[in-house]
Amino acid sequence: MFNEKDQLAIDTIRALSIDAIEKANSGHPGLPMGAAPMAYTLWTRHLNFNPQSKDFFNRDRFILSAGHGSALLYSLLHVSGSLELEELKQFRQWGSKTPGHPEYRHTDGVEVTTGPLGQGFAMSVGMALAESHLAGKFNKDQFDIVNHYTYVLASDGDLMEGISHEAASFAGHNQLDKLIVLYDSNDISLDGDLDKSFSEDTKQRFEAYGWNYILVENGNDLDEIDNAITQAKSQQGPTIIEVKTIIGFGSPNKAGSNGVHGAPLGEEERALTFKEYGLDPEKRFNVPEDVYEIFKSTMLKRANENEEAWNNMLKNYSEAYPELAEEFKLAMSGKLPNNYADALPEYDLNHSGASRADSGEIIQKLSEFVPSFFGGSADLAGSNKSNVKEAKDYNKDTPEGKNVWFGVREFAMGAAINGMAAHGGLHPYAATFFVFSDYLKPALRLSSIMGLNSTFIFTHDSIAVGEDGPTHEPIEQLAGLRAIPNMNVIRPADGNETRVAWEVALESEQTPTSLVLTRQNLPTLDVDKQTVENGVRKGAYIVFETEQQLEYLLLASGSEVNLAVEAAKELEQQGKGVRVISMPNWYAFEQQSSEYKESILPSDVTKRIAIEMASPLGWHKYVGIEGKVIGINSFGASAPGDLVVEKYGFTKENILKQVRSL
């Protein structure tokens, strides 16, 4: 089945990776040199993926979780016709399509951004979850309209990361059949021999999760690799294939050592290695025509045939199930149904509710009118109000179910949501307590880097949590999330702001959203619908203003907005001119014009107070050197919530006191 041309192709891929790294004088040659045979076998014999048709919905997904081995992926993309050779020559250089670690939306053929070890593995679980759910929802007899695999190339480091344990446990529990992990098991980590830090029995570990385990003893045996992948595709449940490789294979002096993990070979070792491969070291970035032909006649031919057959099946599916087909096409587009927002609840002045509860009510309507809406909670659905009441649970028996039980696996949940968003066909969300956002912070960051439409629900947003005490009362989390570029961090002040916050979350196609919601009830602000709609979308707006000459600005978010209004009304009775500004989304506000910002925060009004039950970090930008911030510079306390709030100075009386001190 395999012949000398296959070996030439593998060694060419190795050589391209080496040359790219040598030219950049930066990179990780060890993994591409060791893992090239398994990647080649997967791409030429199994992968249903055409880089030139990168948006084909039913393609297989390939995730290089070991993102430091990016030169391998770029070499594969080149020989399969997606990436120009010149881009390999610009590896890790400014403006190139070959950055140090693979970047989603930056390079065609890269499914997700990887590099932070373990996250690619966990995002792959999310992709397999998306495939399973969409297949359960749309597939019919003779119409497997969603039917593809998620393949992962993972390293020792990926499997050491804690997130891999969370994600593997979840995948095994849910028996995600279409998930296949190729584990590059080379017994070397960056610092040295793996046995200095890692001695797990991979077989026992993954079988305990409910995975299938296959061992490939020789990572250069193409038939053994091919047979293992074929076997994995025939089994129920996820499969990990441990492929024993030699890091830096072919390097006479560095193979099998950590010296080849993260540094160029050097010119002398490069020449020796090329001779080991039977290649001419004088030729750089050389790709024989036979190598291109192999990929054209195998991978690309197969992918084109599969895509053509799928398009014909979709046409027949559309005739047999027209309504379902329209829903599927809308899901593939990533768009929302027209006028979906008209179905969302509006709240009058008689309403008082926790923003988490209002969000829960909104979620019921979103699930009804946005079929692609899908997600769950990290074992806090009852508290987060995040489950869809009329929907089934997602599991292996009811994959069409809409409520995902992520369990107490916050980090894996966050990464899985990102995987689902990158997969397409869904508007995914995840939920937990705000204080536990720290557990999934790296996934939040990666969602922003990738520009994903991921939504994260964070409830119990302040010291008003009360009795649970400082471990469960967020302080620094708001400032931390606001510091992430390209992240909507929305802390709504009432049910109507919460409604618009959800609209922003779903409509922000390339910006993830964190919804920061209260446990305690909030009265409805006396503001008309259009003002709220426009104001929340712009990040800050006026919710109350006296008729007197403007003298004071009170800025707040969330539950503190109503407190600011109460203080402003007292000041109004004293004849003071005061404006209250709700600032639910700093990120959106910073994108507004200078004219809009000036209309909200007039520069000639310097007596300003910001009120927020969190770290004051960041507010000084808005209050200026003459202003004050009523915030919290310590951790919370355990007591009834109302008492804790009072003790920390979040009272009308303290606001008035601070105003008088200006």
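Heads up, the Cβ atoms here are built off N, Cα and C, so glycines get one too.
Among the features that Swiss-Prot reports, substrate binding site is placed at HIS28, HIS261, ARG356, SER383, HIS460, ASP468, ARG519. Residues or ranges marked as site 'Important for catalytic activity' by Swiss-Prot on the basis of similarity to another entry: HIS28, HIS261. Sequence annotations record features per position, and here Swiss-Prot assigns thiamine diphosphate binding site to HIS68, GLY115, PRO116, LEU117, GLY157, ASN186, HIS261, PHE436. Taken from Swiss-Prot, the feature Mg(2+) binding site covers ASP156, ASN186, ILE188. The active site, proton donor annotation in Swiss-Prot covers GLU410, and the record cites similarity to another entry as its basis.
Here the C-alpha separation of ARG356 (substrate binding site) and PRO116 (thiamine diphosphate binding site) works out to 32 Å. Of the chain residues outside the Mg(2+) site list ASP156, ASN186, ILE188, SER155, ASP184, SER185, ASP187, SER189, LEU194, THR245, ILE247, HIS261 have their Cβ within 8 Å of the site's Cβ mean position. If you take the Cα of LEU117 (thiamine diphosphate binding site) and the Cα of SER383 (substrate binding site), they are about 31 angstrom apart, rounded to a whole number.
Checking Cα-Cα distances from PHE436 (thiamine diphosphate binding site) against the recorded positions (HIS28, ASP156, ILE188, HIS261, GLU410) with a 10 Å cut-off leaves GLU410, in sequence order. In the shown protein chains, 26 other C-beta atoms lie within 10 A of the C-beta of HIS460 (substrate binding site). Cβ neighbour density within 10 Å is lowest for LEU117 among the binding-site residues LEU117, ILE188. Around the Cβ of HIS28 (substrate binding site), the same chain contributes ILE21, HIS68, GLY69, SER70, ALA71, HIS261, GLY262, each under 8 angstroms and 6 or more positions distant in sequence. Annotation note: ILE188 (Mg(2+) binding site) sits in a strand segment as assigned by DSSP. According to DSSP, GLY115 (thiamine diphosphate binding site) sits in a coil region rather than a helix or strand. For the pair GLY157 (thiamine diphosphate binding site) and ARG519 (substrate binding site), the C-alpha distance works out to 39 angstrom. ASN186 (thiamine diphosphate binding site) has none of the recorded positions SER383, GLU410, HIS460, ASP468, ARG519 nearby, counting only those with a Cα within 10 angstroms of its own Cα.
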